[in-house]
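Q: Once you've had a glance at the structure underneath, I'll fire off some questions.
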Amino acid sequence: MLVLSLDSSSIASVALSRDGEVLERFDTTDTRSHAEALAPAVQELMARAGLTGADLDAVLVGTGPGPFTGLRAGLVTARTLGFAWDLPVHGLCSLDAVAHRVGPLALAAGHPEFAVAIDARRKELYWRRYRVAEEGGVVVLPAGDPQVSAPEQLPDVPCYGSGTALYPDRVPRPAVEGTDVAPSAADLARAAWSVTSRGGELSTDTSPLYLRESDAKVPGAPKRATS
Amino acid sequence: MNTADPLVMGIESSCDETGVGIVRGTELLTNTVSSSMAEHVRFGGVIPEIASRAHLEAFVPTVRTALADAGVRMAEIDAIAVTSGPGLAGALMVGVAAAKALAVATGKPLYAINHLVAHVGVGLLGDGGELPPHLGALLVSGGHTEILAVQDITSDVRLLGSTIDDAAGEAYDKVARLLGLSYPGGPAIDRAAAEGDPEAFSFPRGLTAGKYMGSAENPGPHRYDMSFSGLKTAVARVVETFHAARRPIPVADVAASFQESVVDVISRKTVLACTEHGITTLLMGGGVAANSRLREVVTQRCARHGITVVVPPLSLCTDNGAMVAALGSRLVAQGVAPTGIAFTADPGLPVTTVAMPAAV
Ligand SMILES: [Zn+2]
């Protein structure tokens, strides 16, 4: 199973993986150049691996949550590649990528439940709760839907992910390690493999997890002058 | 690649239309548009975030429809062109990211194209694809209001004048709201104005005072520029006066007088710019080009100065992918190097940049 993965919920990242093993990866250092970085990164990774679209089995994309503009760049890139290469496109919550990465840390620290948070801008965090267990390997499962809220509103469980490091004094229980991990395509690929390798199925729903309305306001009646 | 009659796909997402057009040389094969206009109605204007969300959902389906409609396969396309500015940043970004993905997946060359120049590119479609010499363009829409001089559509386009605040279409939308008319404001006001007296109210003509205009030899700072925000404020004041007096607003008269001011300024400035720059053919573009009073007055005033006015069919005036494809096709035919995939969309792209150069 050869998969091209993209995530743009935080940084922009691309990964090529075979059966969950990452062959090539690309990650930006900033969170504001998704539309510039993604396509060239895909081209470079494919060339480096000596692959064409015909070699791939699927495209995988992080569906957020994340800042809207960047998130859309990843989604439209993934959907368009899937269309042009005639490949299935799977969507996975971007926070699951972080959860998969920090799961072993949580387990080792004796935390069967934890949360993952990333920056939602406007002094808020996107977050999701997870459960982790040892079942012939570390298994991380979502324990609720992704949310957006002020840091104080997070559940009282150890909190991982790059959002934690942003508000160490406001998140109820920041974890000790793994508070700087952002979603990446490489971790997303591994998280997806942990689902499919256990017989699970990935969703073909690539709808963005905006979690917030578009901020548009219906204008009221024309303003009356007060003078 | 076939450079004589290249098969080019054009992608447009600078405002609220997701457009995909396909041309073969100068022949239009499809002009497929998915508009989010209906979603903006309750807001009385284009909401950028709603437009961007709609572009994401519409993109792949619109490409599929366009290919089916044109009867071509993606693999047959010779080149891809995409609007890279000017326009709404978040909206442009969706089309640009998608176009780059298409280019990467198919290995086709990608051209990053100026939206305003693409409006003029409509003139390249059909009839041997030649633009008339001494060409100018008047572009009026909800997003822009410009007068261009087009010496050579691939290499020499200049901005003669533009709005310094609201676009004309935006002023129509805002005034329509003040008058309780529907969105988009252009057609609504045009309809209401038909029953009204254009001289009932004397609304200001923005940037027409001598200090802005100067003379042909010694032009002022805004000789061909336009401004509609003062006009909108003046309409608001009139509406308020009627409210305060608890009298019904004479909607038709206000609409007609407002429209007369807009049309008067645009047509006067356009004719002035044309005569002073030797322009003998004027191409109208943008959604507001459909406005009956604007077409009428521009055509009349241009005729008096021997200027021929060309108005493409409405589907090619409003934002669309066909115009992007048409300009892209011309760039390919002229051997212009593609932009590649490393560029950044530019919401303020100047008209002098017809196609973005390849990044070095
Ligand atoms: Zn336009």
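Heads up, the Cβ atoms here are built off N, Cα and C, so glycines get one too.
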Q: In TrEMBL, B:Leu139, B:Val140, B:Ser141, B:Gly142, B:Gly143, B:Asp173, B:Gly186, B:Asp190 are given as binding substrate, so which of B:Asn31, B:Asn218, B:Asn291 is in that site too?
A: B:Asn291
Q: Which of these binding-site residues is closest to B:Asp319 (Fe cation binding site) if you go by CA atoms: B:Gly143, B:Gly186, B:Asn291?
A: B:Gly143
Q: Tell me the Cα distance separating B:Gly186 (substrate binding site) from B:His115 (Fe cation binding site), rounded to the nearest angstrom.
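A: With distance taken Cα to Cα, B:Gly186 (substrate binding site) is 21 Å from B:His115 (Fe cation binding site).
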Q: Write down the Cα-Cα distance for B:Leu139 (substrate binding site) and B:His119 (Fe cation binding site), rounded and given in Å.
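A: With distance taken Cα to Cα, B:Leu139 (substrate binding site) is 8 Å from B:His119 (Fe cation binding site).
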Q: When you look at B:Leu139, B:Val140, B:Ser141, B:Gly142, B:Gly143, B:Asp173, B:Gly186, B:Asp190, B:Asn291, which the record names as binding substrate, what is the longest CA to CA distance in angstrom?
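A: In whole numbers, the farthest two Cα atoms are 18 Å apart.
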Q: So if I take the binding-site residues (B:Gly186, B:Asn291, B:Asp319) and measure from each Cβ to the nearest atom of ligand 1, which come out below 6 Å?
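A: Only B:Asp319 qualify.
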